[in-house]
Amino acid sequence: MFCHQCEQAANGTGCNKVGVCGKQPNVAALQDNLLHGLQGLGFFASKARKLGATDPAFDAFLIEGLFATVTNVDFDAARLANIIVRCAELKNKAQKLYEDAFKEAHGIKARTFENGAPSWVPAADLVTQGEQVGIEKLHSDPDVRSVVEILIYGLKGMAAYADHARILGKTDPEVTAFIEQALAATCDPELGLMDFVNLSMECGKHNLTVMGLLNEGHVDNYGHPVPTPVNTGTKAGKGILVSGHDLKMLEELLKQTEGKGINVYTHGEMLPAHGYPGLKKYAHLAGNFGGAWQDQAKELPQFPGAIIFNTNCIQKPADSYKDRLFTWGCTAWPDVTHIDGFDFSAIIDKALACPDVAEAPGKEILVGFGHNAVLGVADKVIEAVKAGDIKHFFLIGGCDGAKSGRNYYTEFAEKVPQDSVILTLACGKYRFNKLDFGDIGGIPRLLDIGQCNDAYSAIQIAVALAGAFDCGVNDLPLSMILSWYEQKAVVILLTLLHLGIQNIKLGPSLPAFLTPNVLNFLVENFNIAPITTAEEDLKAILG
Ligand code: SF4
Ligand code: SF3
């Protein structure tokens, strides 16, 4: 196996024996094989679309297939093999759709494609086949391969957000067309470096659309988030802990657990759920348990109720809680019960059979500062900036992870001067969200915008502030100190670059898939810099 798609890549170069995430070599090969099949499907779906022929089945499948290959999502070889079989069926369908449309348009038979992803058919041994088509085979030129990888990881990250949006009924055919076109491009040996640079920027653009759709889906269904205190303790009684990003899944579970004496707790990236009026109305949405995903091995054994992951980031479960663990959606772990669809009776029964969660006091933390809430007090914020009470904004957030260098983000937040406001989002917030930052004239100094996809909200806030001060986003007293872990962070970064946002500080380490030349390109064009120390970076920013 060889995989270096996330920040955990072994030795900072790549996992080649087993994934640091827990991905076994057979699973890595199956994911590579699936990606190859998806390239083939994208190739024919894109060609068919150009001739006016589409099939909605491709859209959902491309999104789910890509999402299944995101870090910490699907570790189940049997499930991946089934997805590959389905991929082959759809690829055949797309090929036929294209060939029929071609015949109709031109009166002659379409040419046949004998090499690479367009000719992919699943072999009897899917693992061995997958070993032949890993990312090292993507392109012979290392710099081109590096940018192709940026594009592929961007597509994977975007697919994750598109999946949540689709579950809420929000889709955009232009996004689907782009996913098909970009997948087709990644297996085109004729394309060069700048083609992939442009496609990567385009991926950032489409991701902004997708995050906008997801935001719309959340707001349409649950209202705009409002500032809400969330307790981090537990109540006595039965409990279910929900981890991941999918709010629809949480809503359905809340409906089905109502009146059953079960308290529902959020974990990790589900924390922002407490800020939505349509979710916080459930009295048994009881609080937030634990820290970010990488602490699950330590924390989940302490939660005696049932636990469900509805998206990343799942890790190898210990035997102590494996039998009360469930997965949903694209997330899967071998021998862990997977729930398809929205019937949650299995986990409800399990929660009722599990021992009670004990009463434990917790802290109150504030969530719910989406763009609507922040812009609702924009006058106050702008006044405070003009009066010199707020001198700087720091967006500190992104994906969290296990590396010790990530203490940087805690230190940075602690050292931010008292006259500055910290905006945060995604699971990186757990590095400091239980600290007390106080307020500036009633405006909390720590504003939790939400999940990683709520980068959309952060962008809206930045754009509105730039409008109020009649300047560009890059001219605002705003610095972005971002942490990355997996492919969702890659696509958010592409969105920020597409918007022309400069001077981002990125850590804890730079992606292993960036070659020195590609990194230079990013530095020269966007002034991206790796984090150094909290003191030095703060000094460099504030002068
Ligand atoms: Fe390694 Fe990350 Fe790939 Fe897992 S996803 S195998 S940790 S690089
Ligand atoms: Fe975190 Fe996995 Fe990315 Fe959604 S939950 S930010 S790492």
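Using the three backbone atoms N, Cα and C, a Cβ is placed for every residue, glycine included.
Feature annotations, courtesy of TrEMBL:
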- Cys3, Cys6, Cys15, Cys21: [4Fe-4S] cluster binding site (BINDING)
- His245, Glu269, Cys313, Cys399, Cys427, Cys452, Glu486, Lys488: hybrid [4Fe-2O-2S] cluster binding site (BINDING)
- Cys399: cysteine persulfide (MOD_RES)
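The structure, with features from TrEMBL marked on it.
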residue : record                                  : DSSP class
Cys3    : [4Fe-4S] cluster binding site           : strand
Cys21   : [4Fe-4S] cluster binding site           : coil
His245  : hybrid [4Fe-2O-2S] cluster binding site : coil
Glu269  : hybrid [4Fe-2O-2S] cluster binding site : helix
Cys313  : hybrid [4Fe-2O-2S] cluster binding site : coil
Cys399  : hybrid [4Fe-2O-2S] cluster binding site : coil
Cys427  : hybrid [4Fe-2O-2S] cluster binding site : helix
Cys452  : hybrid [4Fe-2O-2S] cluster binding site : helix
Glu486  : hybrid [4Fe-2O-2S] cluster binding site : coil
Neighbourhood of ligand 1 - binding-site residues from Cys3, Cys6, Cys15, Cys21, Cys313, Glu486 with Cβ under 6 Å | Cys3, Cys6, Cys15, Cys21
Counting other Cβ atoms within 10 Å, pick out the least crowded of the binding-site residues His245, Lys488.
-> His245
Same-chain neighbours of the [4Fe-4S] cluster site, Cβ within 8 Å of the mean position of the Cβ atoms of Cys3, Cys6, Cys15, Cys21 and not counting those residues, run in sequence order as His4, Gln5, Gln8, Ala9, Ala10, Gly14, Gly19, Val20, Lys23, Ala28, Thr71
Just name the most isolated of the binding-site residues Glu269, Glu486, going by other Cβ atoms within 10 Å of its Cβ.
-> Glu486
Those binding-site residues among Cys15, Cys21, Glu269, Cys313 lining ligand 2, judged by a Cβ under 6 Å from any of its atoms, are Glu269, Cys313
For Glu486 (hybrid [4Fe-2O-2S] cluster binding site) and Cys15 ([4Fe-4S] cluster binding site), what Cα-Cα distance in Å is obtained after rounding to a whole number?
-> 14
By a three-class reduction of DSSP, Cys15 ([4Fe-4S] cluster binding site) is assigned strand
Starting from the Cβ centroid of His245, Glu269, Cys313, Cys399, Cys427, Cys452, Glu486, Lys488, which together make up the recorded hybrid [4Fe-2O-2S] cluster site, report each further residue of the same chain whose Cβ lies within 8 Å of that point, ordered by sequence.
-> Gly268, Trp293, Thr311, Asn312, Ala426, Gln451, Tyr485, Ala489
Take the C-alpha atoms of Glu269 (hybrid [4Fe-2O-2S] cluster binding site) and Cys21 ([4Fe-4S] cluster binding site) and report the distance between them in angstrom, rounded.
-> 18
Minimum Cα separation from Cys452 (hybrid [4Fe-2O-2S] cluster binding site), reported as the residue among binding-site residues Cys3, Cys6, Cys15, Cys21 that achieves it | Cys6
Cβ neighbour count (within 10 Å, all chains shown) around Cys452 (hybrid [4Fe-2O-2S] cluster binding site) = 26
In whole Å, note down how far the CA of Cys3 ([4Fe-4S] cluster binding site) lies from the CA of Cys427 (hybrid [4Fe-2O-2S] cluster binding site).
-> 23
Fewest other C-beta atoms within 10 angstroms, as judged across Cys15, Cys427, which are the binding-site residues | Cys15
Excluding its own, the Cβ atoms lying within 10 Å of the Cβ of Cys3 ([4Fe-4S] cluster binding site) add up to 27
